[in-house]
Amino acid sequence: MNPYIMALLLFGLGLGTTITFASSHWLLAWMGLEINTLAIIPLMAQHHHPRAVEATTKYFLTQATAAAMLLFASTTNAWLTGEWDIQQMSHPLPTTMITLALALKIGLAPMHSWMPEVLQGLDLTTGLILSTWQKLAPFALFLQIHPNNSVILITLGLASTLVGGWGGLNQTQLRKILAYSSIAHLGWMTLVLQFAPSLTLLTLLTYFIMTFSAFLVFKLNKATTVNSLAISWAKAPILTSLAPLILLSLGGLPPLTGFLPKWLILQELTKQGLPLLATFAALTALLSLYFYLRLSYAMTLTMFPNSLTGSAPWRFHTPQLTLPLAVSTAAALLTLPLAPAAMALFAP
């Protein structure tokens with residue numbers, strides 16, 4: 001793609017998200033979301049592969065539906081209450097509709113089925129943007145409307161953690177596994193959204209760091225299936241030994257960074273008098289952990305059939321930038337000791 005067009009599209013992505021962040025009026029927020037969607041569509045379809053075009057079409061239809069629902073809900077709110085302000089959502093009907101529209105936009109279960117299909121049709125770089133940056137604007141709106149319908153949020157959150165764990169169990173495609181991982185993490189954020197919005201922000205931040213590392217590892221190895229991970233020893237031995245730790249951090253194992261948000265969310269749910277919900281959420285995390293362990297096993301404990309019995313085959317130095325991967329990997333593995341600072345910053 002022409003670098004000028006690429007720069008323009010990335011500027012559009014940033015602009016759309018910023019407009020949504022800065023807006024207090026529903027029409028401006030909707031406009032920001034639309035700019036965001038229109039900017040990523042050429043990035044998704046840039047390879048002209050039939051799967052990429054199909055994924056782009058599915059994404060466009062889903063996002064257009066969610067945006068139309070959001071516009072309809074905000075108009076209904078203005079009709080019922082006379083308010084266009086995002087933070088003045090007092091009527092339960094438009095609040096519920098907007099909650100469901102935003103859930104469809106980010107891919108919460110049971111409105112999740114577009115997410116694995118779309119991610120599977122994209123290359124890893126665009127998939128990374130879709131899994132991280134595209135979640136920012138809808139979450140900014142989620143945090144602003146303070147949805148007080150706890151039944152809907154808890155149902156969406158629990159369904160997402162369950163579907164995100166269960167759906168990834170039988171997958172062999174890495175992009176689909178990462179999509180289900182994304183759904184499960186979004187479920188954790190939604191569970192605690194109404195009790196401690198700051199914890200949702202902390203979880204979103206750690207999820208971004210860990211997902212960024214995971215996508216870059218797969219991109220460096222040019223791996224798209226579980227089987228293709230088996231040859232990563234020969235390509236990048238040091239990276240391959242670190243990659244399982246990134247995956248286990250995504251799974252939420254101590255003493256890695258991913259444990260911090262899960263620990264704080266379970267603690268908050270228990271404080272709110274919901275021990276059964278916390279127990280169920282912790283059990284669904286085991287499902288996700290299983291498929292992260294499968295990926296770790298494929299990378300480190302299986303050897304690809306190889307005629308070379310000696311050392312690793314010679315290889316060119318990779319032309320890809322490895323500094324972002326190094327920084328994000330360090331952050332994804334080593335920031336649990338900063339838990340007291342995080343708790344002070346993000347205290348509910």
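Glycine is treated like the rest: Cβ placed from N, Cα and C.
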Range annotated as transmembrane segment in TrEMBL, from 20-43, 92-115: 92-115
Run the contact check on the transmembrane segment (151-170) against the transmembrane segment (273-293): 3 or more C-beta pairs under 8 Å, excluding pairs closer than 6 in sequence. yes
With the transmembrane segment (230-253) as the reference, which stretch in 60-80, 92-115, 177-195, 201-218, 273-293 has the largest tally of C-beta pairs below 8 Å? 273-293
Segment-segment contact (the transmembrane segment (177-195); the transmembrane segment (60-80)) at 3 or more Cβ pairs under 8 Å: no
Averaged over the domain 'NADH dehydrogenase subunit 2 C-terminal' (289-341), what pLDDT does the predicted model reach? 79
Counting only residues 6 or more past its boundaries, what in the same chain has a CB within less than 8 Å of a CB in the transmembrane segment (92-115)? 33, 58-59, 62-63, 65-67, 69-70, 72-74, 76-77, 80, 134-135, 138-139, 141-142, 145, 147-149, 152-153, 156-157, 159-160, 162-164, 179, 182-183, 186-187, 190
